[in-house]
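As given in Swiss-Prot:
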- Arg20, Glu78, Lys116, Lys439: (6S)-5-formyl-5,6,7,8-tetrahydrofolate binding site (BINDING)
- 211-364: domain 'TrmE-type G' (DOMAIN)
- 221-226, 240-246, 265-268: GTP binding site (BINDING)
- Ser225, Thr246: Mg(2+) binding site (BINDING)
Amino acid sequence: MSTIFALCTPWGKSGVAVIRVSGQDAVKTFMHFKISNAIKPRVATFTPLYNAAHEVIDEVIVVYFSAPNSFTGEDVVELHTHGSIAVIRMILCELGKIFIPAGPGEFSLRAFLNNKVDLTRAEAIVDLINAETEMQAKQAIRQMSGSLEKLYQSWRQQLIDVLSNMEAYIDFPEEVTSSAVENISFLLDKIKESLENHLNDGRKGEILRQGIYVAILGEPNSGKSTLFNHLAKRDIAIVSEYAGTTRDVLETHIDIAGYPIVIIDTAGIRDSNDPVEQEGIRRAKLKAESADFKIIMLPYEKKDALNNEIIDLIDDRSICVLSKSDSIITQNLININNINFIPVSVCCNLGIEHLLSAIQKKVEADFKFCSTSPFITSERQRVHIQNAVNILKNISFELPMELISEDLRLSVRELEKVVGVISNEEILDNVFGKFCIGK
């Protein structure tokens, strides 16, 4: 394979920039930059870099990782330079004379091809890079440690063990008894049940990775946009005394106790003849259905006239807020028609902490295990596991052992696709194409 190079740190001015070279000719970097110091593997060495005219480009730290003891499994040279745009450009220009620029995720792809990581760990790397909150990072780090790989390899090995027994029965049919068939059926049912339980996770790993959606819902002028802006800590939504100001769905990302929360502002729900407002209301109702949690807003002045359409939105995913509660001193829950409301006044900054705490409790009840237990984190993983389950479901012991064995092989292959024991170009492009250049 060609020797590749790329800037690993973000482009722009910084204290330090890191440029990585990987491949069988990576050590040619030393000769090209006229490095006279002896470079030892896994030792940081301070040295100047020279261009062809023997002019100093920069004084850098060089770290050399000899194959196979590197991230990619190849010889790797890292140049830790000053984060000057001019210096970075000059070094990349020099490297371009002897090596090939790396594509997105190409270093990680080589790590996979050299058995340094499986596909689930590779996906975890990009998830960690993209993590914006503590819980997202914890989930990615757990997956990077191999929790998913070990789980899937365990199921794969169990299927292979069953397959081995079946192959023996095919070779020695006189050994096949009713109890032997029952035992195989029992083992396959246990594996299938484990896989199905893994699938029936409410997509929590994927939701945590992408963000937990919380929709703010209520009548027009119930304070939805005001609360939305307050939680976002900036003016995103237009706030007006006129009802129906918000027509479209707005989103902002916030961090609550380490969880990635996507707060959604929606149009006020009411009867309207305005076609544009009607579309906004339709979208608000769709968000009410698809959101992970809901904040239901009721203005204090309307506490004695609850809107049935709003009440119908309240369920166990809801947090009810009595908005515009400027004159209320208590921070205790207020019960209205057997529904507990949190009194909140954004303008007086009252009840906000109580609301955030309520959101945190709802989220933790559903997602606290995502950072400690192996959950599915991508649609790619889910598809292959579902395929494996479907194959196992369709196995009939009325068929010849040879056909059952073939179905087992297909199920094993689906699990192998998850971790990358077998793969194709489309799968690899799907995984590594999401990486940035330099990783």
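Just so you know, glycine gets a Cβ as well, placed from its N, Cα and C.
In this structure, the binding-site residues under consideration are Lys116, Lys439, and the one with the smallest number of other Cβ atoms within 10 Å of its Cβ is Lys116. Of the listed binding-site residues, namely Arg20, Lys224, the sparsest CB environment within 10 A is found at Arg20. According to DSSP, Arg20 ((6S)-5-formyl-5,6,7,8-tetrahydrofolate binding site) is assigned to a strand segment. The average pLDDT for the domain 'TrmE-type G' (211-364) in the predicted structure is 89. According to its DSSP assignment, Lys224 (GTP binding site) is helical. Ranked by how many other Cβ atoms sit within 10 Å of their Cβ, the binding-site residues Asn221, Ser225, Ser240 place Ser240 at the bottom. Its own atom aside, the Cβ of Ala267 (GTP binding site) has 28 Cβ atoms within 10 angstroms in the protein chains shown. The Cα of Lys224 (GTP binding site) lies closest to that of Lys439, out of the binding-site residues Arg20, Glu78, Lys116, Lys439.
Non-local contacts of Thr246 (GTP binding site) by the CB criterion (under 8 A, 6+ apart in sequence, same chain) comprise Lys224, Ser225, Ala237, Ile238, Asp265, Thr266, Ala267, Gly268, Gly280.
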